[in-house]
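Colleague: From TrEMBL, for reference:
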| type | residues | note |
| --- | --- | --- |
| DOMAIN | 9-88 | domain 'Prepilin peptidase A24 N-terminal' |
| DOMAIN | 97-204 | domain 'Prepilin type IV endopeptidase peptidase' |
| TRANSMEM | 6-23 | transmembrane segment |
| TRANSMEM | 81-107 | transmembrane segment |
| TRANSMEM | 114-132 | transmembrane segment |
| TRANSMEM | 144-162 | transmembrane segment |
| TRANSMEM | 191-209 | transmembrane segment |
| TRANSMEM | 218-235 | transmembrane segment |
Ligand SMILES: [Zn+2]
């Protein structure tokens, strides 16, 4: 039920922006900047711009000049909300959000060797939502997935701890914990394995090409992201292949 409400509200917010486009694009106006009343041109406050709700709270009248507001606004907002409900589902949204976080982590770690705590927190929250949409079982979520995060991140934590942050950063520890919370411990370990293998290959190539010295640091986060994406989209199939090979 909460999913439905959130998707509808998201849709009405987008619908509110569509209203802006509908009226401003044909007139060649800038699409940024606060909305104003069509009649008295007074700038509207945020509480006058809440999709659908403001229209009814204001009883269809401008707060300032009391002129009647067009039905276009709530109709298009509700229409967009309804279309969002029909097309979108919460799982798709959380998956999109997860992939967006992974893109940010990949490139900021590559460029600055840093993973922001905020993006890690966002990744965790969206992973949590993703679990809620696939199987809403809170005890299972806590027992299996939280434990998975701790177990898979443990070796990374040990590397971080004993290398005194030289080989791994705390960001790598958190990232590994969160992607294993997302994937579960089996896929988490496989993602980590892919990260180490691809990292080693890229590292060797860079050393051979004299782009890096043996002692220089290569960010680990991007490789964890690669492993995560592979397991997220092809994990089931990879598991089938492994099962066949080892016959369990
Ligand atoms: Zn007005």
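Glycine residues also receive a Cβ, built from the backbone N, Cα and C atoms like all the rest.
Given the structure is predicted, the values throughout are model-derived calculations rather than measurements.
I'd like to know what surrounds each of these features in this structure.
Modeller: Helix first, then strand, then coil: DSSP counts for the domain 'Prepilin peptidase A24 N-terminal' (9-88) stand at 40 helix, 4 strand, 36 coil.
Residues 29, 31, 35, 49, 51-52, 72-73, 76-85, 88-90, 93 of the same chain, all 6+ positions outside the transmembrane segment (6-23), place their C-beta atoms under 8 angstroms from a C-beta of that stretch.
Non-local neighbours of the transmembrane segment (81-107) in the same chain are 3-4, 6-12, 14-15, 51-52, 115-116, 119-120, 122-123, 126-127, 129-130, 132-134, 175, 182, 221-222, 225-226, 228-229, 232; each lies 6+ residues outside the stretch with a CB under 8 Å from one of its CB atoms.
Nonlocal intrachain contacts for the transmembrane segment (218-235), taken as residues 6+ away from its ends with a CB within less than 8 angstroms of a stretch CB, comprise 95, 98-99, 102, 105-107, 109-110, 113, 115, 168-169, 171-172, 175-176, 179, 182-183, 187-188, 190-196, 198-199, 202-203, 206, 212.
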Colleague: Using DSSP, what's the helix, strand and coil tally for the domain 'Prepilin type IV endopeptidase peptidase' (97-204)?
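Modeller: Split into helix, strand and coil, the domain 'Prepilin type IV endopeptidase peptidase' (97-204) gives 93 helix, 0 strand, 15 coil.
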Colleague: Cβ under 8 Å to the transmembrane segment (114-132), counting only same-chain residues 6 or more beyond its ends: which ones?
Modeller: 90-91, 94-95, 97-98, 101-102, 104-105, 108, 141, 145, 169, 171-172, 174-175, 178-179, 181-182, 221
